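A short worksheet on the structure shown next.
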Amino acid sequence: MMKMEENGDDGLVSKINKYERMDKDDEFDEELEDSMIKLRQHHRRSSDTRKYVFACAVFASLNSVLLGYDVGVMSGAIIFIQEDLKITEVQQEVLVGILSIVSLLGSLGGGRTSDAIGRKWTMGLAAVIFQTGALVMTFAPTFNVLMIGRLLAGVGIGFGVMVAPVYIAEISPTIARGSLTSFPEIFINLGILLGYVSNYAFSGFSVHTGWRIMLGVGILPSVFIGFALFVIPESPRWLVLQNRVDEARAVLLKTNENESEVEERLAEILVSAGLGADKTEEKPVWRELLNPSPALRRMLITGLGIQCFQQITGIDATVYYSPTIFKDAGIKDKTKLLAATVSVGFAKTIFILVAIILIDRVGRKPLLYVSTIGMTACLLGLAFTLTFMGNGQVGIALAILLVCGNVAFFSVGIGPVCWVLTSEIFPLRVRAQAAALGAVGNRLCSGLIAMSFLSVSRAITVGGSFFLFFLISAVSVAFVYKHVPETKGKSLEQIELLFQKGNEEWQRGEVELADVEHLVQKE
């Protein structure tokens, strides 16, 4: 009996323990299921956020297609315009270069406009102005009317190239800001390629009709820009500047994968905008730019310097006048000239994709080194080829290869990184107007190169012109070393603190970081 009772008690205890384990297993299963549900929700949110930010960056970059298309299409259209309207060589230079010069007015006005009406609607205004200019150019009966359309298009482009990178930088999460802010450069390259293809595709039309169709096709992207304005949100940082903090929080929730970071980001933006707890009386933006603090002065040197070097190394001369370069190398047939130019567009577009993949992985500065050193080598080779190789098949092949190499190295680094840096290094209060100053420097240098290339080439030969570009490109390597910090992986507010340390501090920091990474790899 005692044994039975003991067995009975033991059986009862084991049953109780079994049920307890079952209850615990059930609780564990429920917790596991809850965790899986939360994980799936997080992944779904992350995926939706990435798609949303990607779509915003694409739509914001559409204005850049207009700039790229105009640059690409004019390189071939100018051949037909010269024949149809009987314009002089000086008029050619003015027609090609005036767009860049006038676009600096758009960039100057774009900073104040985007602060007044918002980043999003400034992009819409840019599209409307460009579209009007493109229509005028398409139906222009004379050179003077063509110039009026060109002026309008230039103002629209100035607005667009200034505001798109700023907008994308302000809505992008830190981890993907570099690649997303490079999107405008992708679309510029895509526009250039489309312009080259348009030249080739419509070259069979009559002289009077062909160039008008080439220019008129550039109106089409404006339709998509109009649609985009009803899809993309306003910049959260601009909303904060307008004291619309709740709307800014809503946008940050849509554009950041981790909800816990939203309040932290919002607090940083509030302080950066001067709306936080430590708000102080501050100077007007224009006065701050004219009399900058040491940190802001470093930012302005970096931002304006990299924008100017992007253009004075001769990229627009290469793109606008590639038919002239190939003609000097020995290609005489008009169709073959345009076909060779298409290869330049493909090289420029394909290699921008390399930059997009690498910019947030290897950083901004390594890409700038590869780019500026590679361009320097290609420009020296092209100058030597055009000067000493004559008009033979070898000279033609080398000229095409080196021009494609030059634009490829440009697209890998200084092309996209220039706009990324300018949009992320300035404090929020002055970001739009400081970025506008950088865009002004870019457009001014672009215009000067485009408007002087033919005259300089006539004076010192095309090869001599590229020797000058080679020397300037060599200086750009030293500028990158001295004045450009690494901004990969840092929030916009952290970058502002980086410039307060000064050039020597960030160079020392980069060396120390490189040593740490080397030790980690060895372990």
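Every residue, even glycine, has its Cβ placed from backbone N, Cα and C.
These numbers come from a predicted model, not from an experiment.
Marked as domain 'Major facilitator superfamily (MFS) profile' by TrEMBL: 56-488.
Remote same-chain residues near the transmembrane segment (52-82) are listed as 92, 95-96, 99, 103, 123, 126-127, 130, 134, 146, 153, 156-157, 159-161, 163-164, 167-168, 171-173, 176, 180-181, 183-196, 198-200, 203, 207, 210-211, 214-215, 217-218, 221-222, 224-225, 228, 231-233, 254-255, 316, 319-323, 334, 338, 341, 345 (criterion: CB distance under 8 Å, separation of at least six residues from the stretch ends). Annotated transmembrane segment per TrEMBL: 52-82 (among others), in sequence order.
According to TrEMBL, the feature transmembrane segment maps to 94-111 (among others).
Taken from TrEMBL, the feature transmembrane segment applies to 123-141 (among others).
Residues or ranges marked as transmembrane segment in TrEMBL: 147-168 (among others).
Under the heading transmembrane segment, TrEMBL lists 180-201 (among others).
Using a Cβ-Cβ cut-off under 8 Å and counting only residues 6 or more beyond its ends in the same chain, the transmembrane segment (213-232) has close neighbours at 55-56, 59-60, 62-63, 65-66, 69-70, 73, 76-77, 80, 120-121, 123-124, 127-128, 130-131, 134-135, 137-138, 191, 194-195, 198-199, 202, 205. Residues or ranges marked as transmembrane segment by TrEMBL: 213-232 (among others).
Positions annotated as transmembrane segment by TrEMBL: 337-359 (among others). Nonlocal intrachain contacts for the transmembrane segment (337-359), taken as residues 6+ away from its ends with a CB within less than 8 angstroms of a stretch CB, comprise 72, 75-76, 178-179, 182-183, 185-186, 189-190, 192-193, 195-197, 199-200, 203, 318-319, 322-323, 326-327, 331, 367, 400, 403-405, 407-413, 415-417, 420, 488.
The transmembrane segment annotation in TrEMBL covers 366-390 (among others).
Sequence-remote contacts of a segment are chain residues at least 6 beyond its ends whose Cβ falls under 8 Å from one of its Cβ atoms, and for the transmembrane segment (396-422) they are 165, 169, 177-178, 181-182, 184-186, 188-189, 302-303, 306-307, 309-310, 313, 315, 318-319, 322, 325-326, 329-331, 340, 343-344, 347-352, 354-356, 359, 364, 367-372, 374-375, 378-379, 381-382, 385-386, 389, 435, 438-439, 442, 476, 484, 487. Under the heading transmembrane segment, TrEMBL lists 396-422 (among others).
Here the transmembrane segment (460-481) has long-range neighbours at 305-306, 309, 312-314, 317, 324-325, 328, 365, 368-369, 372-373, 375-376, 379-380, 382-388, 414, 453, meaning same-chain residues at least 6 beyond its ends whose C-beta is under 8 angstroms from one of its own. Annotation source TrEMBL lists transmembrane segment at 460-481 (among others).
Only pairs six or more apart in sequence are counted, and the transmembrane segment (94-111) with the transmembrane segment (147-168) gives three or more Cβ pairs under 8 Å, enough to call it a contact. Beyond its flanks by at least six residues, the transmembrane segment (180-201) meets 53-54, 57-58, 60-77, 161, 164-165, 168-169, 172, 213-214, 217-218, 221, 319, 335, 338-339, 341-342, 344-346, 348-349, 352-353, 355-356, 359, 411, 415-417, 419-420, 423-424 of its own chain at Cβ-Cβ distances under 8 Å.
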